[in-house]
2 protein chains.
Amino acid sequence: MHSGLLLLTAVSLLYIAKTHSSLFAATGFAIIGYVAIDWLIPRVGPSFIKIGLFGKDLSKPKKPVLPESIGAVCATIYLFVTLFYIPFIFYRYIVNPNEELDSSKNNEFGWFPHKKLSEYLSAIMCLESTVLLGIADDLFDLRWRHKFFLPAIAVIPLLVVYYVDFGVTYVLVPGFMKNWIGRTSIDLGIVYYMYMAAMGIFCPNSINILAGVNGLEVGQSLVLAILALLNDALYLTMGSESSKESHGFSALLIIPFFGVSLGLFKWNKWPAKVFVGDTYCYFAGMVFAVVGILGHFSKTMLLFFIPQILNFIYSCPQLFNIVPCPRHRLPKFNEKDGLLYPSRADLVEQPPKKFFIPVLKFLHFFKLIDLEYDSKGNLISCTNMTLITLTLVWFGPMREDKLCNRILLIQFIIGLVTIFLRHALGAALFGYDNLQISVFN
Amino acid sequence: MHSGLLLLTAVSLLYIAKTHSSLFAATGFAIIGYVAIDWLIPRVGPSFIKIGLFGKDLSKPKKPVLPESIGAVCATIYLFVTLFYIPFIFYRYIVNPNEELDSSKNNEFGWFPHKKLSEYLSAIMCLESTVLLGIADDLFDLRWRHKFFLPAIAVIPLLVVYYVDFGVTYVLVPGFMKNWIGRTSIDLGIVYYMYMAAMGIFCPNSINILAGVNGLEVGQSLVLAILALLNDALYLTMGSESSKESHGFSALLIIPFFGVSLGLFKWNKWPAKVFVGDTYCYFAGMVFAVVGILGHFSKTMLLFFIPQILNFIYSCPQLFNIVPCPRHRLPKFNEKDGLLYPSRADLVEQPPKKFFIPVLKFLHFFKLIDLEYDSKGNLISCTNMTLITLTLVWFGPMREDKLCNRILLIQFIIGLVTIFLRHALGAALFGYDNLQISVFN
């Protein structure tokens, strides 16, 4: 399956490079990033263990000790790559400063695209702040209530740039609601900024929640990157001029991200040699939030997070203690057959809230949870409410790598369907799609 | 002495605020930064010790264990403050977008000063990268040869912005050399960029080298901040329009830096409750490098680093192993009288290079080092070659806080003389000074 995904990415990259030759640099830096990560990880791993950054892999026969927080290396390399990148991205403006002055539509900004540079810098800065936060979390195990909202601070420079550069805060009203509301768009004003800050909080945390199986954190980020690049490729080949610009920007940031993440995946996939830590999850989530916000397609980007959103909603009964939540909800490893089994929450010691029992039975009826009864028909346990456990409930016990691949496959299929529906239904709902020549209608 | 310095700073701040009312926000954020640091340090200290970030204070009777790398907290607060700051700095452009459009001289950049925003963002980004590097160093004790050049990477976005925004790479030729060279200025081209990168390497490392006494790292940074603010105040009250802009920018970044550093100083001054770590030294040095580069007064800024430069030159014989260099060159603490004494390098076990012995005797003659001979007239030891030891050689053994204050006083006097000479001699050498109404000629 992995090689298929890689092939698909390669095709997307070729598509992108064909239309935006400047993105060749991005691909080059992605390869450099991959090589650097692959070279560094085995060399820095022991130092991480030495300073206490390590964890036990509980789903392996001998519970080996692995270096933890290696995602910080990956994120740092990404940041260095994107710094080295700057002269290449703005190369044509530097070498040929009058190019833009000649083109009438751009010369309002003088000969250098400061607007673009601010955008780019605010994106990298937001990511750097996120990495700092992630490192603090990996080192000090911050409390949940502290760390949950901190990414919102990292998003501030981004929101400022959005405000001064675009200030677009209206959303289109779907066709069937137009008559009811009486207009074609609604200006959300400050609510739109709160929505963007919320996105900066949601994306990092949502990747952090869908975790616990070797390779899953990085794998889901790779799938997200592929989906975003596919979407970018669609726009870069068929989109309007302005959408080409923002999706070019998106590809600029995501291509090197794909490179460094692939390097990390090599070491984090089953059987993992390293753990990625919170730093990577925050960093990866923020890459997509940043790209979505600055590329003006935060709503489409959020569609790619449907599996993470579903995982979050599905987890809510346990997160809010309506159903008891064990400290770890990882799948249970069975040493005898080497397979992972769904882990369960004990409902005898700490019964669920009464009003929720019918909901549990309802979920059970639709195979969205597995319930266990004793001989008298009393509820004694339920499977933990995570997408990982649900996959095991649906497809039966399996080895860790199979489980990870299955979840990634589900995520990828949902994403493909989303891209299709986004453009097919988007056109139907809003009367037009921002792809100039829509392939779907 | 401290209260005198504070008074001087307050006067500078008032001067600045009078002319640039937008700098009131900076002062407000400096106070917020101070309060936040002062509140945080005692609360996070134990967590730092818990994860192994601690060190022994060797110059105290019982060698107490103190949290190390607390400067990372200070730097993080500074970064957060400068993020929150953005909407305030660019407030007038956001609220009154047409203000600049009306003013004919600025409207080449459209209604929003993207140029200013890129500058500001590249500055903060450079500092964030420096902090990441510092944290890596504090955690992993990077090797000297690795960490020495890394700040140059953090400087890249800064150099790019400098290139595209100003591209000024010529230096003025002093009057007495004009006839000889045949022109009034020389364009250094790429050499100027290498010089700026070198500044990004030098400033962080130079503060890191002049260290080892409670409060000295933060203290010297505070003195540097005061000197830079004094210089800014001169320009903001008497400078040309363009110099007002760049010194306003400098003050914008240095005022909050002063606030957070003062908070750290309270806990790091004798008797220290915390150590600052490499993170703070790198971060502080980079603040001055960034301000000097983007404010176009990197050469003047370098003049404020004369004590650090002298310390570096003075250290060279030991750094390059011409004279033996013990692993630690801290002053020797005498438990009986509680005073610090000059530490010494043993010249018997590992004699200095032969050619250098006359130099040592020469330095001794001018009281720039202390040599020790045995009864037969053979050299047996010399004092370590650091500004700290030299201060002890000159003024005799003293308590740690006295030593720190003495060094800071020397640094401050050198700085004041520098500011005077810069403007008095600068005008004489180059025929003009960029202060419009020079107070000195």
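Just so you know, glycine gets a Cβ as well, placed from its N, Cα and C.
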Transmembrane segment per TrEMBL, picked from A:31-49, A:354-372, is residues A:31-49
Given the transmembrane segment (A:248-267), its same-chain partners at Cβ distance under 8 Å and 6+ residues beyond its ends are 9, 13, 16, 20, 22-23, 26-27, 29-38, 41-42, 70-71, 74-75, 77-78, 81-82, 85, 89, 116, 119-120, 123, 215, 218-219, 221-222, 225-226, 228-229, 232-233, 236, 273-274, 276, 280, 284, 287, 290-291, 294-295, 297
Q. Are there at least 3 C-beta pairs under 8 angstroms linking the transmembrane segment (A:407-432) and the transmembrane segment (A:70-94), leaving out pairs fewer than 6 apart in sequence?
A. no
Ranked by Cβ pairs within a distance under 8 Å of the transmembrane segment (A:407-432), the first of A:31-49, A:218-236, A:279-297 is A:218-236
